[in-house]
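Novice: So TrEMBL has the following annotated:
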COMPBIAS  1052-1062  compositional bias 'Polar residues'
DOMAIN    20-94  domain 'Cation-transporting P-type ATPase N-terminal'
REGION    1-20  region 'Disordered'
REGION    1031-1062  region 'Disordered'
TRANSMEM  74-92  transmembrane segment
TRANSMEM  98-117  transmembrane segment
TRANSMEM  296-317  transmembrane segment
TRANSMEM  323-348  transmembrane segment
TRANSMEM  786-807  transmembrane segment
TRANSMEM  813-833  transmembrane segment
TRANSMEM  864-891  transmembrane segment
TRANSMEM  911-933  transmembrane segment
TRANSMEM  962-982  transmembrane segment
TRANSMEM  994-1014  transmembrane segment
Amino acid sequence: MSTKDIGQAPGAGNKPLSKPAHALSAPAVIEELQANKDDGLTVAQAKELLTTYGTNELGDGAGVQPAKILLRQIANAMTLVLVMAMAVSFGIGSYIEGGVITAVIVLNIVVGFWQEFNAAKTMDSLKSLSSPTASALRGSENVTVPTIEVVPGDIIELTTGDTVPADLRLFECVNFETDEALLTGESLPVHKEPLLELDEDTGPGDRLNVAYSSSTVTKGRARGVVFATGLSTEIGSIAAALRATGSKVRTVKRNDDGKAGPHRYAQAWSLTATDAVGRFLGVNVGTPLQKKLSRLAILLFWIAVVCAIIVLAANSFSNEREVIIYAVATGLSMIPASLIVVLTITMAAGTKRMVERHVIVRNLKSLEALGAVTDICSDKTGTLTQGKMIAKRAYVPACGVFSVEDAENPSDPTEGRVTLKDSAGQDASKARAFDVSTVQDNTHLKSFLDVAALANLSTVWQSKDDSTWHARGDPTEIAINIFGCRFGWQRSGMTESQGGPWKTLVEYPFDSDVKRMSVVMSSSQTEEVQVFTKGAVERVLESCASFYPSADAEESTPMTEQQRLKILDTVDEFASQGLRVLALASRAAPAELDFQTDIKRDLVECDLTLRGLIGLYDPPRAESAASVAGCRNAGIEVHMLTGDHPGTARAIAIEVGILPSRTELQKLPKDVSDSLVMTASSFDKLSDDEVDRLPQLPLVVARCAPHTKVRMIEALHRRRKFAAMTGDGVNDSPSLKMADVGIAMGMAGSDVAKDASDIVLTDDNFASILNAIEEGRRMFDNIQKFILHLLAENIAQACTLLVGLAFKDARRLSVFPLAPVEIIWVIMITSGMPDMGLGFERATPGIMDRAPQSLKRGVFTTEVLVDMLVYGLWIAALCLGAFSLVLFGFGDGQIGIGCNETYSAECDTVFRARATCFACLTWFALFLAWELVDMRRSFFRMQPDSKKYFTQWFYDVRRNKFLFWAILFGFVTIFPTLYIPVLNRVVFKHEAITWEWAIVIIATLLFFLGVECWKFMKRAFFRRQIAKHGDSKSVEMGSTTSEGSDAEKGTARSQGRVNSRE
């Protein structure tokens, strides 16, 4: 039973409540929904409620629509051409050819419908993976669930940038505001008050204790209980309006008085008609590659018309039925009927493969773009590193340096031990064990721990069942919270909501520009109001006015420049060990400020007292170093843009291979080494011209702000690079949109960042970016392969048919080397399925050892165009040679009369020659697909590292099952067409062959020999180019980046090498 079956009014909630949710207190709503704000729903409860109330969606997704797919298969330009050919055939009385074309049309529609239907189902299933997610409390664990699986009674946590997944009755808010313009039209964010109980007739815009589905969190954080999902939400009441699709009719331009002349109406309707034709032809819908191939299909149509005219002209525009139908068949041979369908299937299959490799494609354009990426701008925390932080060091000026030893579990404060040494520079051997039970005697340590516990939004708790420790929240805050727990300082026992003395008055969330977060809290025990702040060391230090220099200091000492430098030395020491360093500070809140009003954070985050530093270790992912090395080998430069201290960023960058080792750095020219690591402030101070004059764009940008990411993308574009950018926060949206490929984090990313991205990483892992690029290259290669196969086949058919016009009978009419039905058969059997098999091919060996491809050239590189001509002409020459050999070499050379129409004794040789040519063309077109599995390597040696020197090809042809059976099917089906009586002579206009098979087999051997010789010459050419240029990446004729780009000049050096890209 779904929500629409329950009969509730929109916005009233799925389950009947005693009053509307906004008119009840939050505890009352929770009680009536039988929810639990501390533990949330169990998995079983959530499943049962999902069955009861249905999915949380508005029903605006049309899903897979078979009728529309069928209509697209019938009403498209390719089918229209076939229908025209069918009409001509029936019109001139060629009923056999017309019947065959009709069968082809039906088969194309059925197969195309089935393939596109399956592709549509695949894409529809993947849409749910890229849909918004919600942070829900399930079974005491904070889990991420798809928004459509949110149910009434779920406890939802919201932070800045989130999209509210359902209508919530809020019960906990800190500076929480939402943008409700979609629902109420109110342009300003709405501040929420969870403690309010409103009148039942309060309008939606005034329900300040409710967060509405589809609104966006603009500020703060909150928790609430779901009381309405799907069509029962407020937004559900206007779902019909939201479903309205944009009109495809162009609007009429009017003057200031609202009037429009007749020419404006004519203009609007002509543009509307042009748009409709463009959609029908496919030139203004789909991805750039789909549009380009649609334009190619139109070009080939006009070439087909020219070919048909040539056929008619060669026969003096005879009105003979067979001449006309041959002209039609010649034109059809140039039409790539399966081109767009195969492309659609290939892209759908590619997106499905990417999901298996932890990448969700939100924008199909990115599939084409991924293979061209030359630079990746990546975050550090959670992407290159594990995102599982442990506080390893803490510096309290009045106490010394605390170290946590032998701790591996980031959420267990009982694991490991704490040691203390008197100063940061002291030898580690001087460290002594610290008794955490003595913390109550240490005022300064207690002040430090107060900040660690209270300027913190994470939650740490111990399970009552098995005594295991759990944590939820940001990894950085969890690590700091766990550090406090080691000393018995646990936030959950200190705040008012958990029975503690501290109550939050104001919270200033972390801001990527100021790089600090603060809370203002009051104590019910002492009635004091305190400000607790943590953040980047430089930003906190600039707000600090004092510190406590020693354990016996009762009064704070003014913060001098000398002391700041000393603290920064400690920061550098921590950072050199790969630790992320934060500063903790506090102060008594200014008494003159009224915290019930909106107060600027500058008035609060000033005159602070430094309490200490904390160093967090976030170990690099095991696969990060290999992935970075893989990027360099693929001609891709990796830039790390992080908010961390420069020393921390440098240490991690060296560890994962983004930067050379310190020894190798010293060997580089000073201007190069200086530009490799920069702070955001240094980079932002440079003008665009100064950035462009840098010998190398920085590989590491520390203390990075959102606008710095935008400037980095702009700098890369000015250097003609193709950049991918990762991001997770709201402020990352501009850089994600500006990047050629925007990459959002699926686990830690905000909904706003995901909406701005092209792809989403489900595991937030840098290695998945490399997987996505490999898949992008594989797909690009496969598209090249099936386009090359299709067009080489078209050239072969066109040349065979047009040159074959030279064979004339006594009436001076051409005797055709291929009959019209043979032509249609070859198109049907050798194109669609084998091309689709090529689209499913796996990545060729060494695909990540070459430069990124050029989107400027696209799939039609010089290599592809030359291959197309060579293979097409070679196949045509062999087919015409086989035809001529049977007719003139071993036959009597007599071309009978009427051999295009019916079989006779004098046409026997022509019919045999035609059958031989038909067999050759069919086999060559099928075997060419196998040859194109690798465009350069020998068909007999596609796996260069294999020890099966003579039999490897036997395993290769069976590896791609779809391609293998498609070719085998085409190979076998030629025999019935040759040997079934009536079918051979009457329909296909050829005769069963015997000894002619020797010619077919020899021609097939020559086909393989010719293709292999051409590939050998290509390999020799590229080897000479490599020897000449000294870098394989500079001579990738088939897949280079744009002229002058780094990838063409060779980006890969040994690990830690830096490109001198000049």
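Our numbering is plain: 1 for the first residue shown, then up by one each step along the chain.
Backbone N, Cα and C define each Cβ position, glycine as well.
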Novice: Let's see if you can do this one: DSSP helix, strand and coil counts over the domain 'Cation-transporting P-type ATPase N-terminal' (20-94), in that order.
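Specialist: Counts, helix then strand then coil: 45 helix, 1 strand, 29 coil.
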Novice: Quick one: do the transmembrane segment (864-891) and the transmembrane segment (786-807) have at least 3 Cβ pairs under 8 Å, skipping pairs fewer than 6 apart in sequence?
Specialist: yes
Novice: Near the transmembrane segment (296-317), which same-chain residues lie under 8 Å Cβ to Cβ, leaving out any that are not at least 6 residues past its ends?
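Specialist: Beyond its ends, the transmembrane segment (296-317) has Cβ neighbours at 77-78, 81, 281-283, 323-324, 326-328, 330-336, 339-340, 794, 798, 801-802, 805, 812-814.
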Novice: Should the transmembrane segment (911-933) and the transmembrane segment (323-348) be scored as in contact, given a threshold of at least 3 Cβ pairs under 8 Å and pairs 6 or more apart?
Specialist: no
Novice: What else in the chain is close to the transmembrane segment (994-1014), if you only count residues 6 or more beyond its ends and a Cβ gap under 8 Å?
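Specialist: Hits for the transmembrane segment (994-1014): 867, 870-871, 874-875, 878-879, 881-882, 885-886, 912, 915-916, 919-920, 923-924, 927-928, 931, 938-940.
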Novice: Please report, as numbers and ranges, the same-chain residues at least 6 past the borders of the transmembrane segment (962-982) whose CB is under 8 Å from any CB of it.
Specialist: 825, 829-830, 833-834, 836-838, 840-841, 915, 918-919, 922-923, 925-927, 929-930, 933, 988, 990, 992-993
Novice: Using a Cβ cut-off of under 8 Å, list the residues of the same chain at least 6 residues beyond the transmembrane segment (98-117) that approach it.
Specialist: 64, 66, 69-70, 72-74, 78-79, 82-83, 85-86, 89-90, 332, 337-338, 341, 344-345, 821, 824-825, 827-828, 832, 836, 987
Novice: Which sequence positions outside the transmembrane segment (323-348), separated from its termini by at least 6 residues, show Cβ-Cβ distances below 8 Å to it?
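Specialist: Sequence-distant neighbours of the transmembrane segment (323-348): 78, 81-82, 85, 88-89, 92, 94, 97, 101, 108, 112, 115-116, 118-120, 122-123, 282, 287, 289-290, 293-294, 296-297, 300-301, 303-305, 307-312, 315, 364, 367, 779, 782-783, 786-787, 790-791, 794, 797-798, 801-802, 813-814, 816, 820, 823-824, 826-827, 831-832, 835-836, 839-840, 900.
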Novice: Average pLDDT across the domain 'Cation-transporting P-type ATPase N-terminal' (20-94)?
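Specialist: Summarising the domain 'Cation-transporting P-type ATPase N-terminal' (20-94) by its mean pLDDT gives 80.
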